[in-house]
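Asker: Below are the structure tokens for one structure; questions will follow.
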Amino acid sequence: MVAGRQGRAEDRRRRDRALPGHRRHGAPGARLGAGPGRAPARRDRLTDLLRPDLGCGRRPGPVRHRRRGGHAPQPQADADDQAGGPRREQEHRGRPADQVRHPIAAAGDEPQPHDGRSRGRRRRHRQPRPLRGRPALPARAGRSAGGGQGAGTRGHPHPGEGGQAPRRRRPGRPAGPHLARAVRARPRGSRAPLRVRRPRARLRHVPAPARQRRGHAPGPRGPRKGPPVKNRQISQFFAPIGVVGIVLLLVVPLPAPLLDVLIAINITVSVLVLLTTMYIKKPLDFSIFPSLVLVATLFRLGLNVAATRLVLRDAYAGQVIDAFGHFVVGGSLVIGLVIFLILVVIQFAVITNGAGRAAEVSARFTLDAMPGKQMAIDADLNAGLIDEHDARRRRAEVASEADFHGAMDGASKFVKGDAIASVVITIINLIGGFIIGMVTHGMSAGESIETYAILTVGDGLVTQIPALLMSVATGLVVTRATADEDMGTAASKQLLQSRNALTIAGIAALALGLIPGLPKMPFIIVGVVLLVLAQRVRKADQQAEAEAAAPVGNALQPAPETTEQLIEQMRVHALEILLAPDLVDLVGGSADQDLLARVRALRRKTALEMGFVLPPVRTRDSVDLPVAAYAIKMSGVEVARGQAPSGRMLALGDGLDNLPGSLVHEPVFGLPGKWIPAELRHSAEMAGATVIDRTSVIITHLSSLISTHAPRLLGREDVRVLNEGLKQTNPSVVEELVPALLSLGEVQRVLQGLLAEQVPILDLARIYEALTLRGKVSTDAEGLVEAARVSLGDTIVDRNASDHVLRVLTIEPATEQMLLESLRPGDGGTQLSLAPDRVEGLLTSVRAQVEAAEASGKQVVLVCAPAIRPALRRLVALAVPRLPVLSYSEVSGTTLTIDTVGVVGVGHAIAA
């Protein structure tokens, strides 16, 4: 863009040459970013003349207006107009200016209904072509929100398209395309030369947007994102490059300044590792530590080799080694050597050996405790305390813990070998330096031994100090026994928990200060500090006791009982847990110890696995129970009782001989165990025992009772709720069965029969369909249950299979025929009418086969003919209550592998 008289004359000459024979009239075109009250500016070939970047060259002149990416907005047109512009641009591109058709719309002519003009008063074939290679500016880009540049407020109409102009947020001139900012509007028909405004606030250069692909709707583009920071890629290459660099230390000579930097890094990293081990809560929080010990050991050895090369070659190994040597040696060489040897003995004989032994014991105990921890995870999963995701996470943690302690056992050997290598390198430096100093450098014996002794001591210190720090860090990691707090918090809490110990220690310190010959002031200061701490601990204990006694005092005050409260107390609850007064702390504890939360989780688990919702479980205290006892009631009748001593945990399995406490039996499976103090949990797990907290014991006991008494817990109202829920998804199935064929009570009996044998009733629609088919023939309860079991055969087989294999016990053909002939109808269903000796022989055979299978770790079921299955199940339950009895009809449609484990008969067992 040019300015001045010379620039205007040049513009006029170029315009006349480019457009011969055309008259340039001002026509009512699109307002190119003009605000209200401004004259419209025309966009035609004049744009190409005034845009130096489009092939017309740069004009001379003092003013150069910088363009924006894009061009002036066009009047709104239909889809054909918008698509025609780019196509004509492709047709005109590369043709001379005098061959390009560029008709100009006449000013003031009105569009006719048949002339093909759009709302913007332009015909489709007369639409002015866009700027070369640049898409049309959106309408909202003609005016910004407040006089600046950029797009206007979304949703505001463009001034040139009618409607109300957008409201300015702050005073200022609206920003628009380059032509609207640079060219003044001319009166219609004027041939006066164009004038250029004086430059004011220049528009910054904004790159033109990329060409919009066809078929993609235009829209606002998000902010351009810069290149992502490649921290992850850098960290991936950091470790390999570092290890390769450490290897190069062994063969490549280093300059002394670079060696100083590497020694400083070695010392700093060792301090960082030591502090990190103090602040971790469990060893797995620093799982990279074994590998880090190996890399740090290799790094120190590389620095030893590099320093030895400089010491023997130049008698100088940098400022760090020289400073350490002079600082420790001081005025006596013998003192320096003695201090260095003391550090070596401390690391090699004390810390390294202790850390190595602790790593060995920890690795062995961790491996021994793995089975017990896996069993505890499985027990929590079966009890509904955790889900599958938590179980997988905890199993992974157990495996990672075993791997970590095994790796620490090997890493401790690296630390011990590093200490030995440091001693050997020190001896080599002394002997080699003494010889080289006299032979190569011409030193005297005294000068040689003094020079190389100082350098050797300095080299040994700069490597032994980081090695000592790493050894201490190794010992701290392998000796961590708590996973709740960092080392500083645990130490301060446990050391200051007993005011009696602090008081006695303070009195002892004061007594030492009274001994003649000993300095009094240090012992008096220490004694006074300990006594002050003891006094503060005593006040804190008194305050805690007062806060704990306050709620008890409020609870002792009698509260008025209303009639509604008495009626509520009279109501019989389906499930109830009674706790002794000393077990009330189980309610409202932490998330994993809260009894109410665990009961809610058990109800959810039962609903998802068995298909019915347990009634609410009422939990209350009872003064009638002895200390540490709990009781479980069903419908007001006590069905079980157990013990859960406060402050203790139940240890099961192996390793109980070395644990304190009397031998007890677990209430569900009858396993031997001991109630041990909670502080010994880690020791018991290391000994191979499975440790269970009090809440888990109660919940496991409750879960077993629910499984056994599930038919009692399924009431008529529960069946009605299940029936209504099924009616919402399968109305035809419900209407065909209830009440057309069976009543709600008969359906309840069938569902209770399924639950009695641990068959889930989740697939209620399939059960109803089977009952509908059977109900048209007979409404016998036993036949209905068997029909429902056959329909759920795949579910029953899947629940009793392990590793996709169903291991079965079959009945000897002669015995099975005898059982078929002994069937007799009864009030509770069919019964087996057998002689007592034959019943005893059959049960003995079944019991022997089941015990043999359980000894080999196999889960078995008994398979028989469908006619005798209900009666045989009731008979076998007297000897083996947990043995499932299936019929041939239930297993006939399975796709699992069936493995016959044994054959049972009257009076003997036949191995398969």
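All residue numbers here begin at 1 and follow the chain in the order shown.
Cβ atoms are placed via backbone N, Cα and C, with glycine included.
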Asker: Ranges 419-440, 859-880: which does TrEMBL label transmembrane segment?
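Answerer: From TrEMBL, the annotated transmembrane segment range turns out to be 419-440.
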Asker: Against which stretches of its own chain does the transmembrane segment (261-280) lie, if we need a Cβ under 8 Å and a gap of at least six residues from its ends?
Answerer: 249, 254, 286, 289, 292, 296, 299-300, 303, 306-307, 318, 320-321, 462-463, 465-467, 469-470, 472-473, 476-477, 480, 486-488
Asker: Per the definition of 3+ C-beta pairs under 8 A with sequence separation of 6 or more, do the transmembrane segment (452-478) and the transmembrane segment (499-515) touch?
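Answerer: Contact criterion not met.
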Asker: How about long-range neighbours of the transmembrane segment (324-350): same chain, 6 or more residues beyond its ends, C-beta under 8 Å?
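Answerer: Same-chain contacts beyond the ends: 416, 419-420, 422-423, 426, 449-450, 453-462, 464-465, 467-468, 471.
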Asker: Below 8 angstroms Cβ to Cβ, which residues of this chain, lying six or more residues outside the transmembrane segment (499-515), approach it?
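Answerer: Sequence-distant neighbours of the transmembrane segment (499-515): 521-524, 526-531, 533-535, 537-538, 541.
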Asker: Please indicate, using numbers and ranges, the residues of the same chain that are 6 or more beyond the transmembrane segment (234-255) and have a C-beta under 8 Å from a C-beta there.
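Answerer: Residues 262, 295, 298-299, 301-303, 305-306, 309-310.
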